[in-house]
Structures are given as structure tokens and as C-alpha cells.
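Per TrEMBL, these features apply:
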type: TRANSMEM; residues: B:37-55; note: transmembrane segment
type: TRANSMEM; residues: B:67-84; note: transmembrane segment
type: DOMAIN; residues: B:137-261; note: domain 'Palmitoyltransferase DHHC'
type: TRANSMEM; residues: B:183-208; note: transmembrane segment
type: TRANSMEM; residues: B:228-252; note: transmembrane segment
type: REGION; residues: B:303-373; note: region 'Disordered'
type: COMPBIAS; residues: B:318-330; note: compositional bias 'Low complexity'
type: COMPBIAS; residues: B:355-365; note: compositional bias 'Pro residues'
Amino acid sequence: MATEVHNLQELRRSASLATKIFIQRDYSDGTICQFQTKFPPELDGRIERQLFEETVKTLNGFYAEAEKIGGSSYLEGCLACATAYFIFLCMETHYEKVLKKITRYIQEQNEKIFAPRGLLLTDPVERGMRVIEVSIYEDRCSSGSSSSGSSSSASGSSSGGGGGAGSR
Amino acid sequence: MSVMVVRKKVTRKWEKLPGRNTFCCDGRVMMARQKGIFYLTLFLILGTCTLFFAFECRYLAVQLSPAIPVFAAMLFLFSMATLLRTSFSDPGVIPRALPDEAAFIEMEIEATNGAVPQGQRPPPRIKNFQINNQIVKLKYCYTCKIFRPPRASHCSICDNCVERFDHHCPWVGNCVGKRNYRYFYLFILSLSLLTIYVFAFNIVYVALKSLKIGFLETLKETPGTVLEVLICFFTLWSVVGLTGFHTFLVALNQTTNEDIKGSWTGKNRVQNPYSHGNIVKNCCEVLCGPLPPSVLDRRGILPLEESGSRPPSTQETSSSLLPQSPVSVPDFKTLRALTEHLSSNEMPEDSTPEEMPPPEPPEPPQEVAEADK
């Protein structure tokens, strides 16, 4: 475990965060959790439009499944009510199960699609389901020239790399 | 041979959460700061029911039926369970925006509205959205630095934005919002039934016993009866009325906040876009719909700070006091893939020790926290 910790530190030192963009919620269908599928201009050239939109659409599909109002959700609700909600002490709700699926999906997408392109998706649940945070990474060696002015000092609080690049 | 065990104190996220909430049981319980009236509620319910079980139930179980205390006990346990659930759970608090996100939104707002000259108060920030063919306005919350989702509102008592905000209830010592509205409704419903039940059987008890020993003797023997009847009488008028009001709200899929503000009433206002138009469907959605888990992550572990600084006072709501951004730690495989991409793009230069920035204190504990997971 010590060598893995050491490797993680090394890896993190060589990557530097250039900027973060935030995909906002789409409220056109009401209060259910959906994210805008509009392709952000900052990702132009970094990832194929179709791949990105597909990822967001799949996430939207997962959230729609979690919040689906139907027979099984009513059954769960009524059963929970009948047990005065004590059943939630030993049982996971359907929503929680879907959120775990989403976490696994995002990890998979990061590994296979986003990280090889220098991007990283953050699970919306870690941002209060408000946004999908997309972190754009630059190589630390080239970050002095390529990091844009929009890489604000606020982003310097992350992995330590931005401090070296952004604070001028 | 003695072994020295060094216990590392972990800081959990609840200790640094902004807002005016109280947390107990290491973050498992979340309530508002003022709990006095909640204790009064507990005292009234427990006190009245204790008297009822101790005196009237013993007589009625023998004279009428043993089922009477059994039903009373069930109602009592159900209302206590729902009360505690309402009081102790996260009502649906929306976490405040981290500095990066807040800056991003500010940039977007300035891009649309233009920069505000120094000294001038910025105009209220509103975004318009169309939901089910009706325009709904989203307001920007200056405290939480987010655009509030529809139906969310900022509670000034708890200093949090709460999803589907209904109202702040001092009797349960918490806000009532998306995540605990059904518990609140079931609490007031079961409390109404319990109050009616206790009231009715107190009357029955007094009537039955008066036939044998007379009215005044009955009251002298069990003076608690008078107290119970008084408490139940006043509770009836308030709680039953409240239950009726909330039943009306549930049937129309409205919140107390919207009702008070008159969001959906009046001829110049839009119709409620969240109502399904069907009472049964509305009730099912509000009471039996899927329950989202809390997004606050109260028991998550924060990276260790340098010194044991106490959590800041809630008057300072500047975003610099929010926990540091790197909450999401990419896992080993992802970071490896990321670095492989980066190293394949550029020739890696041999970084000399002077160029490498000093390792920051938060880093090792993050990995430890990660390893703990």
C-alpha cells in the first residue's frame, strides 16, 4: 500500500489542473435531475462531441431511472411506511442503488474515455447534484505557456499543481 | 512491553459545513440550532402518553378490551418514529458552491449581464426556464452562490438552501423539505389520530368510571385525566387543522412556501406545473415517490488541517472557508491513464528538485482517506 500511495503522489505531481468547467442542470422537464447536453466550447478539440453528449445522455438516463415514479417505487414507499421507515436501516433504497451504478459508470468512462484525453469527470453527487464538473488537465511541463487566464486562482486549491502554474 | 497507540483524529465534513445546523452522533443526526420547542413537543407527547398508559389504559383494558392500549401503543410508536425521522434527517439541503463553481457562474452572469460598476448593487440574478410549457424563474442565491433549482428556497433560520422547501418547523426543530416532507406529513397525521384516540378514550374512561364512583371522585382518583384532556383538546385544534391543510397541499402537489407566496394562484400567475392534475397521482408522488439520499456527505472524512482549528462561525459565509476543492480523488487507474496521455503528448523533461513545488500537507491524508475507503 505504501508504494501505491507513493505512486499516486508521483502521478499527481506530473499532472496539473488547467481549468474546470461545469455542466449545469436542465430543468425543462421539471425538478428531476437532468443535465444539459449542450457541448461546452471549452472541450472543443479535446473530445469528440458525440462521445461527450452520449456520456451526458447516459447519465441523464440513469437519473431518470432513479427518479422514476412507478409500481416499484410505490411498493418501496408503502413498505417503508408500513415499517415506520425502519426498513431503511437495513435496506438500500432504489435511488441509492442507481447512484452507485452511476459512480461505477463515471469511473469507467474516466478510465476509458476521459483520462486518455486529459479530462476528468466528477460525480455530480459530490457537487450536490448541481453540476457535472469536468476538470481539464495539462502536463505540468507545458502548463507555464498553455494555462489560460481563465484558470483562476480559485482553482489553485486543487491537487497542488495549479498553484505552480496559475499563481503569477 | 507497552505499545504506544497514536490515535489520529479524523475531521468529518459535518464539522466544517456552513449553515446554522446542529449535528449529533458524529454527523448522523442533523437539526436546526434552536431545539427548545422540539423538546417541548417530545415532552408533551411522551408525558401525555405515559399518563394515558399508566392510568386510563389499565382500567379500559380490563373493562372494555385489551386492544385499546395495543392500538394506542402502535400509534404512539409510529408518531414518535416519524417525528424523530423528520427532526433528525437532512431535509434536502443543497451544498454551497465550491469556489471554482462560484467563479464559473459569476463569469457566466457577467457575460450575460455585463460587469456591474463598483459600488453599485448588482441586479437580482434570475434565469428563466420553461417547464411543461410554463416559464419558471430561477433565482440566484447570494449566500450559497448557486442558482436555486425550482421549488428550492433559502431558509434564513438554518442558512441553507433546501430543495422543495416547505417551511421551517420549530416544533420538529428542523426544516421540512424534499427529503423529510413525507415523514412530517405522516407525523402530523399519526399525531392527529393519536390525539383523537387519547381524547376519545379519556372521555370514555371518565364516563364509565363516573357511573360507578361519580364524576368528582373519578377526577380525584386520576387527576392526570384533566391534564390529558386539556392537552388533547388544544392539540386537536392545531394539529388536525394542520393535517387538513397539508392534505390539501399534497393533493395539489404544492408546498407551504408556494401557498403562502401565492405562486400558483391568481389569474395572472402560471398554473402549478408540477401537479399531475390527478389527486391520487399527486399523493402517490409526494408520499410514496422515490427518496433521494442526502448529498451533504456529513460523515465523509476531510483532509487533515494543519492545526486543530475550530469550525468557523457561520457569520463568515465567504467561500474561502469552504472545504478545499479536491473532494473527488481520482482513483489509481484513472490517474495512470491520465498521466499516460499527458506523457505521450510531451517529452517529459527531467524535473529538477527546485522546480518541483513542495508537497502540500493535504495530499498524504487524502490518499490515506482513499485507502480507508
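Glycine residues also receive a Cβ, built from the backbone N, Cα and C atoms like all the rest.
The transmembrane segment (B:228-252) makes no contact with the transmembrane segment (B:67-84), as judged by fewer than three Cβ pairs under 8 Å among residues 6 or more apart in sequence.
Here the domain 'Palmitoyltransferase DHHC' (B:137-261) returns a mean pLDDT of 92 for the predicted model. Counted with DSSP, the domain 'Palmitoyltransferase DHHC' (B:137-261) comes out as 75 helix, 19 strand, 31 coil.
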